[in-house]
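**Student:** The structure's right below; bear with me while I get my questions together.
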């Protein structure tokens with residue numbers, strides 16, 4: 001009997017040690033996931049600035065002889081890299097969420113994102129070649145001098161179809177899943193810990209470049225309504241979680257602050273160009289948000 005009791009006692013102690021050690025192992029990655037993801041946010045911001053914002057700039061700077069009009073340009077290669085790196089980083093961001101997120105929704109968004117960005121790659125590549133031939137971004141397709149004199153006139157319809165794929169369908173299939181993924185990730189960024197609610201210094205340093213890029217994304221992509229809808233949904237989520245005693249952690253706070261600064265930048269941009277008659281004509285309606293590259297071809301390029 002005594003030997004049986006000893007074995008039982010040993011088994012119980014072993015079970016407790018195993019459960020304790022396994023519990024500590026489960027808690028360690030949980031704490032790691034909830035720290036500020038500086039590496040991912042930095043990589044996202046850096047590649048957004050280089051591969052997306054820098055894409056049209058590098059096409060303007062590099063000599064045309066290096067990239068003939070019938071071959072992919074440097075900007076096209078930038079776009080290809082963006083279409084691979086961005087969904088990869090967003091998947092890594094979702095993996096670090098402190099709570100389980102709907103994988104099927106995430107995968108569907110990533111697939112749609114890649115397809116939309118690829119459609120935009122083709123349309124934007126041809127659009128850049130049109131710019132080198134005299135196409136003016138601040139004018140509509142039919143108002144452009146190099147387009148309206150085309151023969152037969154049915155070719156104009158083809159260019160309007162290209163514009164639709166580039167600026168409308170491509171942007172929607174690119175940006176809607178992009179913001180859905182950011183919002184899904186944001187829903188898991190809430191905590192009771194006061195230490196995890198603080199944004200570190202590196203987060204504050206990334207805030208400006210991140211918000212400025214989102215300003216470019218919203219204005220050049222013409223997705224103001226989508227962005228504002230996402231921002232309102234994030235604010236509503238914050239109010240809902242605060243009723244449970246939860247607040248955004250450092251990663252959620254970084255996203256929320258970036259979007260808040262972006263709203264301010266977009267508002268200042270609209271106020272600055274509010275009375276511009278040419279841009280007003282191209283962007284009619286209540287939601288007047290001119291594209292930066294349209295402003296460039298109208299007020300910067302033509303003055304040099």
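Here the Cβ of each residue, glycine as well, is placed from N, Cα and C on the backbone.
Heads up, here are the entries from TrEMBL:
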{"type": "COMPBIAS", "residues": "15-25", "note": "compositional bias 'Low complexity'"}
{"type": "REGION", "residues": "1-27", "note": "region 'Disordered'"}
{"type": "TRANSMEM", "residues": "40-62", "note": "transmembrane segment"}
{"type": "TRANSMEM", "residues": "77-94", "note": "transmembrane segment"}
{"type": "TRANSMEM", "residues": "106-123", "note": "transmembrane segment"}
{"type": "TRANSMEM", "residues": "172-190", "note": "transmembrane segment"}
{"type": "TRANSMEM", "residues": "199-217", "note": "transmembrane segment"}
{"type": "TRANSMEM", "residues": "223-240", "note": "transmembrane segment"}
{"type": "TRANSMEM", "residues": "252-274", "note": "transmembrane segment"}
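Show me how these features fit into the shown structure, please.
**Tutor:** Only residues 6 or more beyond the boundaries of the transmembrane segment (40-62), in the same chain, are considered here, and those with a CB under 8 A from a CB of the stretch are 73-75, 78-79, 81-82, 85-86, 89-90, 92-93, 96, 128, 202-203, 206, 209-210, 213, 216-217, 251, 254, 293.
Listed by sequence, the residues of this chain that lie at least six past the ends of the transmembrane segment (77-94) yet keep a Cβ under 8 A from its Cβ atoms are 37, 40, 43-44, 47-48, 50-52, 54-55, 58, 101, 106, 110, 113-114, 117-118, 120-121, 124-125, 178, 181, 184-185.
Same-chain residues lying 6+ beyond the ends of the transmembrane segment (172-190) with a Cβ under 8 Å from its Cβ atoms: 90, 93-94, 97-99, 101-102, 105-106, 108-110, 112-113, 115-117, 119-120, 217, 221, 223, 226-227, 230, 233-234, 237, 241, 246-249, 251-253, 255-256.
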**Student:** Apart from its near flanks, which chain residues at least 6 from the ends of the transmembrane segment (106-123) lie with a Cβ under 8 angstroms of it?
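**Tutor:** Cβ under 8 Å, 6 or more out: 76, 79-80, 82-83, 86-87, 90-91, 94, 162-163, 165-167, 169-178, 180-181, 184.
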**Student:** What same-chain residues lie close to the transmembrane segment (223-240): Cβ under 8 Å, and 6 or more beyond its ends?
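**Tutor:** For the transmembrane segment (223-240), the list is 171, 175-176, 179, 182-183, 186-187, 214, 217, 247-248, 255-256, 259-260, 262-263, 266, 287, 289.
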